[in-house]
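Peer 1: Here it is: the structure, laid out below.
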Amino acid sequence: MFGRDPWGGPLEISNADSATDDDRSRDLDRAALMRQLDETQQSWLLAGPGDQAGKKKKKYVDLGCVVLDRKIFMWTVGTILGLGVFIGFIMMIVKLVPHKRPPPPPPDQYTQALHKALMFFNAQRSGPLPKHNGVSWRGNSCMKDGLSDSTVRRSLVGGFYDAGDAIKFNYPMAWSMTMLSWSVIEYKAKYEAIGELDHIKEIIKWGTDYILKTFNSSADTIDRIVAQVGIGDTSKGGSQPNDHYCWMRPEDIDYKRPVTECHSCSDLASEMAASLAAASIVFKDSKTYSDKLVKGAKALYKFGRTQRGRYSPNGSDQAIFYNSTSYWDEFVWGGAWMYFATGNNSYLTVATAPGMAKHAGAFWFGSPNYGVLTWDDKLPGAQVLLSRLRLFLSPGYPYEEILRTFHNQTDNVMCSYLPVFNSFNFTKGGLIQLNHGGPQPLQYAVNAAFLASLYSDYLESADTPGWYCGPNFYTTEVLRKFARSQLDYILGKNPLKMSYVVGFGNKYPKRPHHRGASIPHNGVKYGCKGGFKWRETKKANPNILVGAMVAGPDRHDGFKDIRTNYNYTEPTLAANAGLVAALISIADIPTGRYSIDKNTIFSAIPPMFPTPPPPPSAWKP
């Protein structure tokens with residue numbers, strides 16, 4: 001078959017031209033084999049298909065921002081995980097192996113002295129002693145108090161002996177419990193940090209349990225209270241044994257101990273009310289006991305306000321040893337504590353009545369004893385307490401005017417403690433003479449130290465850096481410096497280089513005027529006069545009265561360690577209460593931003609102002 005050639009020649013289509021593509025491919029292969037191959041081409045032909053397939057392709061990991069070889073990636077990840085496990089293992093070993101931590105810094109001297117000062121109260125306990133009392137030479141004593149008095153015929157066992165004798169004076173005992181409770185309310189965290197909170201609460205309860213026995217604490221209205229157990233007047237002569245005529249251990253007392261009651265004693269009743277009210281705040285976590293204390297406090301304060309009179313009439317045993325000059329300061333003091341314990345405004349109204357303040361001496365600027373806090377004059381303490389109310393709650397009208405007056409007077413009292421103003425003399429060694437050179441000066445100094453230290457904490461907690469004395473501004477550190485100077489003097493920084501707290505330091509009084517400490521605890525009972533040989537001896541007391549602050553030096557910094565001179569060597573319950581309060585206030589015990597507990601004392605007080613209504617709900621179209 002011939003076709004027409006487009007280029008002019010014939011186009012022949014034959015069977016040969018119809019061969020398949022495979023045939024033509026074989027023909028080409030044959031032709032290629034006929035040609036001479038170079039070495040490279042020969043090597044291609046000699047390499048079989050299996051050799052090409054045996055070569056592995058490299059694998060990669062695409063991390064998005066970078067592509068890595070898979071082997072390198074896996075090796076890196078494995079290394080990191082291995083290092084992590086190794087570091088974790090090392091850290092576990094470090095945590096499990098015990099470390100020697102540096103010991104905490106030793107407590108400062110105030111904390112050390114505080115531990116000892118609290119032990120004095122253990123030595124003064126009357127009645128059946130707890131097993132953990134910690135004073136080996138003391139035992140159960142005066143187990144028939146009250147029961148042996150035909151006019152009373154009820155148990156008055158317990159409480160504390162006042163000083164070196166075995167008399168239980170309710171007036172200074174109640175004041176001591178109030179001061180201890182006040183210190184716990186303000187510095188609870190400090191007591192807890194040094195492991196003394198349970199101890200001091202036990203001491204307070206020992207006192208308040210006894211106070212509840214001295215009147216009908218289950219009644220709303222009472223007509224009498226016990227003023228003291230025992231008697232000490234020896235001025236009338238005779239040979240009738242009593243707590244001052246005899247020198248014998250309390251455990252050996254076998255003579256009758258009369259009970260003195262009073263039917264019009266506003267000062268004593270109000271102080272006892274203050275002690276129970278303050279303690280009710282300390283024990284607020286125990287509702288049953290706290291309520292019991294409040295109930296008793298209400299009855300006492302009501303009795304004191306109704307049956308007006310001093311508890312220490314002229315010529316009485318109370319007047320000889322703990323004479324009360326008035327009851328107006330106790331009305332203010334007791335009213336303040338009753339308000340804090342109950343939140344009832346009627347008590348605050350009494351405490352802030354201008355007439356009450358005037359009678360209490362709040363405006364007697366020229367009084368030589370103005371600002372001196374004692375078991376007899378509570379006004380300086382009451383003014384500090386009510387200044388606290390103004391600083392932190394500010395109740396406003398109608399209390400603001402008198403509270404501002406109390407606050408201003410507190411400022412003046414603090415100014416009077418500073419040597420620059422010459423309000424009080426100081427010994428050459430630096431002890432303030434708040435009793436104008438009289439005997440037993442230390443009890444006044446510790447009370448002033450407590451107020452100064454506490455007030456400085458109030459100011460700092462209220463974000464106030466100091467206060468004014470006239471045109472001059474003084475920082476809170478000035479008050480602390482004063483407080484420390486008085487406590488330092490008592491603990492040994494004085495011309496005699498001796499501590500006035502028994503058992504503290506290397507040099508301290510060895511012959512305190514104290515019956516129990518001066519007579520050996522050897523199983524021998526010494527009668528009323530049999531103990532006098534121990535009183536008169538010049539030897540040191542056989543029993544160490546740990547923590548007792550003695551009466552103190554004279555105005556020339558002189559001191560005689562003589563057992564028979566109580567003006568130098570006798571400790572008292574009230575003095576040691578002030579010492580404990582001062583020590584805890586100034587001790588360097590970290591507890592947080594503020595040293596004081598700002599709110600616990602106000603826990604029973606309702607909100608001062610109405611609660612604002614809630615905001616309206618969000619508007620919806």
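Note: Cβ is positioned from N, Cα and C throughout, glycine not excepted.
These figures come from a predicted structure and were not determined experimentally.
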Peer 1: Do you know which of 1-23, 300-322, 553-575 TrEMBL annotates as region 'Disordered'?
Peer 2: 1-23
Peer 1: Would you count the other CB atoms within 10 A of the CB of HIS513 (active site), including those on all shown protein chains?
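Peer 2: Summing over all protein chains shown, HIS513 (active site) has 26 other Cβ atoms within 10 Å.
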Peer 1: Restricting to the domain 'Glycoside hydrolase family 9' (110-583), what is the model's mean pLDDT?
Peer 2: 96
Peer 1: Using a 10 Å radius around each Cβ and counting other Cβ atoms from all shown chains, which of the active-site residues ASP561, GLU570 yields the largest count?
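Peer 2: Counting every other Cβ within 10 Å of each candidate, the maximum falls on GLU570.
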Peer 1: Sorry to bug you, but what's the C-alpha spacing from HIS513 (active site) to GLU570 (active site), rounded to the closest Å?
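Peer 2: If we compare the Cα positions of GLU570 (active site) and HIS513 (active site), the gap is 5 Å.
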Peer 1: Rounded to a whole number, how many Å is the Cα of ASP561 (active site) away from the Cα of HIS513 (active site)?
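Peer 2: ASP561 (active site) and HIS513 (active site) have their Cα atoms 9 Å apart.
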